[in-house]
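Enquirer: I'd like to ask you about the structure that follows.
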C-alpha cells in the first residue's frame, strides 16, 4: 500500500507526495523511483520514506517553499521519535542519489554523493499543514514496476520523436541550402551571360 498526498503552492500547479506503509514497501519505492522524485527522511532518526514527484524539467532547487515544508512536516509526523521533538532536521536528495547495497538492512539506504544531500529544519509541528495534507490522502496498491516502465517508455518515445524532428529539420535546412546554392549558381551564370551579350553588342557597334 502506498499513501498519496497532494501539495500545492500559490505560484505552481499541484505536486504529488507519496510514502510507503512500512520499511518493506520502502524497498519497492527505492527500487522503482523516478528521476523526478526527491526523497525525504528525518535526519539520524527512524521515519517514513517520503517522496516528492517534481514536474518534468524541474530540479531540487525548484521546489516551492510551501511544498518543501509540506514534505518535511509529513516526514516528521511519521517519525516515532521525531514527531515528539522540536527543531527536527529533515534530509532530502534526488532519488538518483540513493545508494542501496546488498549488505544493507531492509529500508536502509546510503548516498552516492553527500554533497547532493540538503537539510531543512522543522521547528515545530503545524497541525494546519498536516490536516490539509490528510484531506488529500489516497491509499493505492500500485504496480510500481509497471508505472516506472510506462514512464520510461514515454521518455524513450519522446526522445525518439525529438531525434526524428531534429533530423527532419536538418534535412530541411540542407534542402534550403542546396536550393540557395543552386540559385546563386544560376544567378552567377546569368550575370556572366549578360556580360558576354553586352560585350558582343559593343563590338558590333564599333564595326558599324
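Cβ atoms here come from the backbone N, Cα and C positions, even for glycine.
Quick paste from Swiss-Prot:
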{"type": "TOPO_DOM", "residues": "1-66", "note": "topological domain 'Extracellular'"}
{"type": "REGION", "residues": "21-25", "note": "region 'DNA-binding'"}
{"type": "MOD_RES", "residues": "23", "note": "N6-acetyllysine"}
{"type": "TRANSMEM", "residues": "67-83", "note": "transmembrane segment"}
{"type": "TOPO_DOM", "residues": "84-208", "note": "topological domain 'Cytoplasmic'"}
{"type": "COILED", "residues": "117-187", "note": "coiled coil"}
{"type": "COMPBIAS", "residues": "147-184", "note": "compositional bias 'Basic and acidic residues'"}
{"type": "REGION", "residues": "147-208", "note": "region 'Disordered'"}
{"type": "MOD_RES", "residues": "204", "note": "phosphoserine"}
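Provide an account of the burial state, proximal residues and distances for the features listed.
Expert: Using a Cβ-Cβ cut-off under 8 Å and counting only residues 6 or more beyond its ends in the same chain, the region 'DNA-binding' (21-25) has close neighbours at 1-3, 106-107.
Listed in sequence order, 106, 107 are the same-chain residues six or more apart from residue 23 (N6-acetyllysine) with CB atoms under 8 A from its CB.
If you average pLDDT over the topological domain 'Cytoplasmic' (84-208) in this model, you get 86.
Residues of the compositional bias 'Basic and acidic residues' (147-184) grouped by DSSP class, helix first, strand second and coil last, total 38 helix, 0 strand, 0 coil.
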Enquirer: Restricting to the same chain and to residues at least six past its boundaries, which positions have a Cβ under 8 Å from a Cβ of the transmembrane segment (67-83)?
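Expert: For the transmembrane segment (67-83), the list is 5, 7-9, 12, 15, 17, 19, 38, 40-42, 45-48, 50, 52, 90, 92, 120, 122, 125-126, 129-130, 133.
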